[in-house]
Amino acid sequence: MDGQVLKLWKLLAISGLLLLQTGCWDSVELNRRAIVSGVSIDKGLTEDKRYSVSFQVIVADEITGKNSRGNAPVALYKGSGRSIYEAFGNASRQSARILSLGHSKVIIISEDLAREGIRDLMDIFERESDMRLSTLVFVSRGQRAEDILSVMTIFGKIPANDLVQKLETGNRSFGYNFRIEVDDVIRGILAKEGGAIINGVIVKGDLEAGGTKSNLEGIKPKAILKNAGLAVFKQDKLMAFQDGTEGMGLSLIHNKQKEYPLLLELGKNESATFSMFKVHTSVTANAKDPEHPVIYISTQQQAALKEYNGSLDISKSSVLRNWEKLLSEETKKEIDAAVKAAMRLNSDYIRFNETVNRVNPKGWKRVKGRWDTIFTQCEVHIKVNTLIRHTEMRTRSLKSSGEGVE
Amino acid sequence: MREIRIGSVHFFSLVLMFELGTALVVNVGMEAGRDAWIAIFLGCLVGMLVYTGYNYLFKLYPDLPLSGYTRAILGKPLGAVVVILYAVIFLNGAGRDMRDGSALLVMAALNRTPILIVAAMMILSCGYVLHKGLEVLARTSFIIMVGVLLIGGIITLLMFFSGEMEWSRLQPLLGDGIKPVALSVIRSNYMFPFGEVFCFTMLMPYFGDKKRAVWVVPSAILAAGLIISFTALVNITVLGSDMVERSPFPLLATVSKAALSDFIQRLDVLVVMLLIIGVFFKVAVYYGAAVIAISDLFNLPYRTLIIPSAIIILFSGMLDSRSFVEHLEEGAEMLTFVYPVFTIVIPVVLIIVAAFRNYRSRSRPG
Amino acid sequence: MKKKGQSNQGAPAGGSGNTATRAENQAVLNISNNLEQTLGNIKRELGSSPDLKIRKFQIGSAEPVWVAAVFMDGLINAVAVDEFVMGALFDNSADAAEEMPREPQERLQLILDRALELGEIAVKDDWNDMMLSLLSGNTIILLDGCSKAIEGGTKGGEWRTVAEPSSQIVIRGPKDSFVESIITNIALIRRRIKSPTLWTEFMKIGTVTNTDVALLYMKGRAEDKVVDLVRMRLKKINIEAVLESSYIEQLIQDKLFTPFPTVYNTERPDVAAANLLEGRVVLIVDGTPFVLVVPTVLAQFLQSTDDYTQRFDSATLMRLVRYMSLIILLLGPSVYIALTTFHYEMVPTPMLISLLAQRENVPFPAAIEAMIMEAAFEILREAGTRMPRAVGQTVSIVGALILGTAVVEAGIITPVMVIVVALTGIASFAIPSYNLAVAGRIIRFGFLVAASMFGFYGITLGLIVLIAHINSLESFGTPYLAPLSPFSIRGQKDTLARLPMFTIDLSPEKLGNMNNDNKSGNDQGTSDSGKDGRTGA
C-alpha cells in the first residue's frame, strides 16, 4: 500500500512538473500588450489593398505621468490589406507589442467605405472574441477615418474616450446622436427592408495641427472632434446624413432621446426656448390590411422653460396650454421630417417593418417582398403630448417686466 | 465502497447542474428562431414526460441502477450486452461533453492552450471528485449551485439595469406558427439537455429518501428548463434572434453587452466560469454513470475504474473529430439517431417487458 | 502508513519507542515486604534523582514500625504532605499506637482508616502503578513488612496561574484561559456547567510521558457513537510522548492529507463549555492550555466568542467579513494574476492603463512577482512570530513599511501587487483560527499556480476541486461542511449569519449530525487499509 501511494504521488508530481514545463500558453504579461483604444477603417489606396486600418494605441506611461516623456498619449499604427485582419497583421508588424483589441471603444468607418457597403467589414468585429459588442461605431463624415483618431483632446488623454464621452454627454441633453454599438449596426444590416444607423463624426478645424501637442497649447483648440449627424443606411450602404430636425426626429422615433432643447418662435424677435425631458416615444401599427398599414407614432414629453424674451404673462395657464400645443406641433414636425426622409430614401431604418411584423405576422409574410413599395406609402399618424410643468425659477420675463415699468 | 446516500437537496442540485451544464451557455433550440425559449420549455416538458418512464422502472427496482434492472428484466446475457452498450454511451457522452466544453473554452478564452491539456485538466478534476465519491459530487454540486444561481442573479440584474433588453424583439410570438418550434423540439431539443437525464438512472438507487425521489428529478428538470428558457429569452431580447442564431455562445455576447458605466464591463468571464462549471458536472455525471455501470456489470471495485475510464474518455473525446464543426455535426446526428435509442427505445422495451412480467407474476397466484 | 507517521511525529525523544517500553517492562519489580529493599529499588529506578525525597520514620510506640513517605519534590503540594501526611501519621498513629496490630495488612488498613487526613487515597500493589503515581506528584507511603503501598493524593506544585487568553482574544467575553494543569482546566469548565451530566473520563497516553488526557462530554447531549469513537481512537494511540494536545490531534484526526484542521482547539474555557453544550467532546491534555474539541465543522473555525457576546446584527456582519477574508485569502493574488495576464479585457480601462504604466519596467512576470511577494510575506510573518516580543514590532515595521516601499521604489515589484499581497495578508489575520488561516495560506499558492497557467479556468476548476475536497472531509462522523452540506435549514441560523439569541438552541443538531447515520466515521480515519481513504488524498 505504501508503495502504491508513493507511486501515485510520484506520478502526480511528475505530471505537475511536466505541466509547468509546457508553460503558460495564453498568459500575456500586461507589458507585452499594446492596448488599442480605437480602430478606424479607410478605403485602401490601391485595388489589392482594400482596407487601410489604423489602430489608436494607448501609451500608458504618457498618461499616468510618472515616467512621462511628454509625448503624445496615444500612437497610431496603420496597416492595409485585403481584409481587416490582414491589415491588422500589417499594423501589428510595426508594433513591438501585441495589439490587443479588448478595450477598443470606437470603430470609425470612413464615409466612402460606408457608401460602398459595410457588410464585409463588420464580420470581424462580431467574430473576434477579443472585441466587444458594445464598441461604438462611427462614420467619419467626408474625412478620412484615421484623421478622427489622430486628434489630441482636451479632457482625458485618449481621443477615443473623448469621442465616447461627447456622444454620451450630448445624448443626455442636447445632441441627437445616441449610442450605436456593433450589434445595433449588425441588426440594422441584417434587416432586409431597413438599414443601419450610425453616428457621424468630424474633426472641426485644422487637421494638421490636431495631431500634435500644439492643438492643446492655446486656449482655443485648433481642432476638435465633433459628432455630426446620423448616417442612415439602406441595408449596409450609406445613403445620407440626417442633421437638424431630421436627425432629432430619427432619434425621437427610436426612443433614444430623453432630453432635447426646442425653440418656439413667437412672432418677431420673440421666442421661448424649452428643454424637453422625460421624452418617450412608442410606435404601433394597425396592419389589418398589410398592403396599407397605418403607423401610429406617439410621443409623451414634458417641457421646462429655459429662456423667454416675450411679453406674455406666463403665470396664466392658458398661455402654457397654448405653448404645449405649439411644442407638440414642433416635435411632430421633427418626427415627420425624419419619417419623410426615410421614405424619400426608401430605406426602412425607422423600423416600421418590425412594427408591422409584430402586429400582423401573417400579413407581414405576404408583403415582405414588396415592402419597398408599401413602405413609402405608409400612412403615418404622429401624436405628441407635451406638458409644461412649471416655468423654472422666474415667472415673467425681463422684457415684460421692463416694459411694465416704462 | 461504503454505502452512498444522497440527500434530496443534493440530488436536486446535481440534476440541475447537469441539466444547465453546457445548455445554459450554448445555443439551444435556435431552429425555432425568436421562439427558441418556447421550444426549450416544451422540450423540458417532454423531458419530464420521458423521465416518468424511468421513474416507473425505478419504482419497480428501487435498489438497482439501470445496469442492474436491465439484467433483471432482460435476463443475464442480453442484459449484459445492453449494459455494455449503455456504458459505452455514457463514456461517449462524457467524452463528447468534455470535447464540447474544452473546445468552447479554447474558442472563448484560452486560444493558445492545447485542447488536450484543457481536457486533461477537466477530466483530472472530475476523476478526483468521483474518487471522493458520488456523495461528494452531489454535495459539491449543491454549493456550486448556490454560486451559479448567484452569478445568474447578478447577470440578470445587470441586464435589466443596463437597459439593453428590448422585449419587442420577442414579438411576434409564434410568428411563423408552431411548426418550427415543434420541429426544434422533436429534432433535438427534448434530448439536449433534458433527455440526457437518463444517466441519472444509474444514480437513482443512491437516493437517500426514496419516496421523494419521484419528485426531485422532475422538479430539477423543470427548474433547469425554466432557467435555460429564461436565458434564451434574455439572449433574444438583448441581441435579437438573428445574432443569437449565428453565435455558438449567445450568452457570452449577451453578457458582454451588460455594462454599468465604465466600472462593470465585460463580465463574460463569469459566463466562461458558468461554462466550466456546467461542463464539469456534465462530464462528471456521465463519467460516474459509466464507472458505476462497469463496476456493477463486471463486479470490479469502483475506484480502480476511475483512471482507466478517464483515459478512455479523454482520448475518445479528443479523437472523435478533427474540428469543433465536425464535432457538432456528429453531435446533431447522435442526438437525433443514437441517443433516442438509449433514452427512449430501450427503456420503453424494458418497461413493456417489466410490466408484462409484473402482470403475469401478479395474475398467476390469483 | 499511518503508524510510520505516528512514530515520526510522536517521538521527538528519538529512538524506537517499542524497545524503550520493553526495557521498562522487563524489570519486573514488586513492592517487597522489606522496606529498605523497596526504597532501594525506587531509588535505583529513578537513578537516585535528587528530587526524589524519602522520609523514613517510625510509628507506634509499643512496637514501632518503619514507615516511609516517598514523594517527588516540586510535584507535590508541600503543605498537604507536611500536614496531612507526615503530621497526620505522627499524631494519629500515636493515638492508635496501643492498638497497632501485628499483621502488616491490618496496620495498613489502620493507617488508611484512621491516620491519614487526605481526601484522595488509594492502595497500590503494582510496582508500575506505584511509580506512576509517585511521578504524578502523589505521596507513596510504604510500611515495612507490607507489600502494598498507600498512595496519598498530594498533587500540586507550581503551575502558571489562570491568565488572559493570548491567542483567542475577544472584545467582550470571559477573560480567563486554560492553563497547563489538567485539574484546573476541568475546574474551569465545571464552573461554567454545573450539571451532573458533564462526564469526565481520564486516560494516560504516552508510554514514556504517561500524560493525563481527560475526555469531557455532556451525557445525553453528545452522541454516544462519537464519544465511543473518540475513546477508541485515543486507545489506539501508540506513542512515547505527548507534550502538547497537537500530538493527540494529529493522531486522532480523520485524514492526514488535508491542509484543513479537522480538530478544533481552543484556550478559552467558555468556548469549550459552549462546545460541550452543543454536544461535542472536549479533550484536555495535561501540560497544555490548548484543549481539543471534536467533532468540528469548517464554520466553527470562522466563529468567535464575540459572535455571541455582540448583537446579532453586528455579529452577522463580522462573520460575513470573516468569510470574505477567507475568500480573499484564497483567491486574492490568483484573481489578480488571472485578470492581468489572461482577462485584461475585464479590467476597467482607466485602471488597466494605470496597471500597465506600473508594469512597464518591472522585470518579473506577474505570477513570479506574486510568488516572490507572497514568499516574502510568509518570511516576514514567520520572523515576526518567532521574534521576542520587543523585537517583533521592529520586524513588522521594517518588513511592511521599509521593505514594501523600497521594493516599489526600486521598480522590482508593482505597487498594485504590494496592495494585493498586503490585502491577502491582512485577510489571513481576520480569520479567527490560526489553523484555518494556515490552510488558506497553503492553498493560496495552489490557486496562484493554477491561475498563472490557466487563468479563470484554473481558478474555477481549483474551486470545484477544493469544494469537493472539503466536502469529502469528515470530523468524527460529522461532515466538515455541515450544516451547509448536508444542508439543514435549522443549522443556517448560526453558520453564515447569526440570528438573534432566542432562535438559537444549543441542541446538537447544529453539528449537522442528523442525516449521516450511514457513516460511522471510522471507516476512513483510523483504518490503515488505505484503499478507500488514502489513495486519492
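Cβ atoms are placed via backbone N, Cα and C, with glycine included.
TrEMBL has this to say about the protein:
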TRANSMEM  B:12-30  transmembrane segment
TRANSMEM  B:36-57  transmembrane segment
TRANSMEM  B:69-91  transmembrane segment
TRANSMEM  B:103-130  transmembrane segment
TRANSMEM  B:142-161  transmembrane segment
TRANSMEM  B:190-207  transmembrane segment
TRANSMEM  B:214-238  transmembrane segment
TRANSMEM  B:269-293  transmembrane segment
TRANSMEM  B:305-325  transmembrane segment
TRANSMEM  B:337-356  transmembrane segment
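Counting Cβ pairs closer than 8 Å to the transmembrane segment (B:103-130), the top stretch among B:12-30, B:36-57, B:269-293, B:305-325, B:337-356 is B:269-293. A contact between the transmembrane segment (B:12-30) and the transmembrane segment (B:214-238) is present, since 3 or more of their C-beta pairs, 6 or more residues apart, lie under 8 Å. Sequence-distant residue pairs (6 or more apart) of the transmembrane segment (B:214-238) and the transmembrane segment (B:69-91) include fewer than 3 whose Cβ atoms are under 8 Å, leaving the two stretches without contact. Sequence-distant neighbours of the transmembrane segment (B:269-293) (same chain, 6+ residues past either end, Cβ-Cβ under 8 Å): 14, 17-18, 20-25, 65-67, 83, 86-87, 90-91, 93-94, 97-98, 100-102, 104-105, 108-109, 122-123, 125-127, 129-130, 134, 137, 141, 144, 147-148, 151-152, 154-155, 199-200, 202-203, 249, 251-252, 255, 302, 305-306, 309-310, 313. The list of residues near the transmembrane segment (B:36-57) in space but at least 6 beyond its ends in sequence, with Cβ under 8 angstroms from a Cβ of it, reads 28-30, 66, 69, 170, 173-174, 181-182, 184-185, 189-190, 194-195, 197-198, 200-201, 204, 214, 217-218, 221-222, 224-226, 228-230, 232-233, 236, 241, 244, 343-344, 347-348, 350-351, 354.
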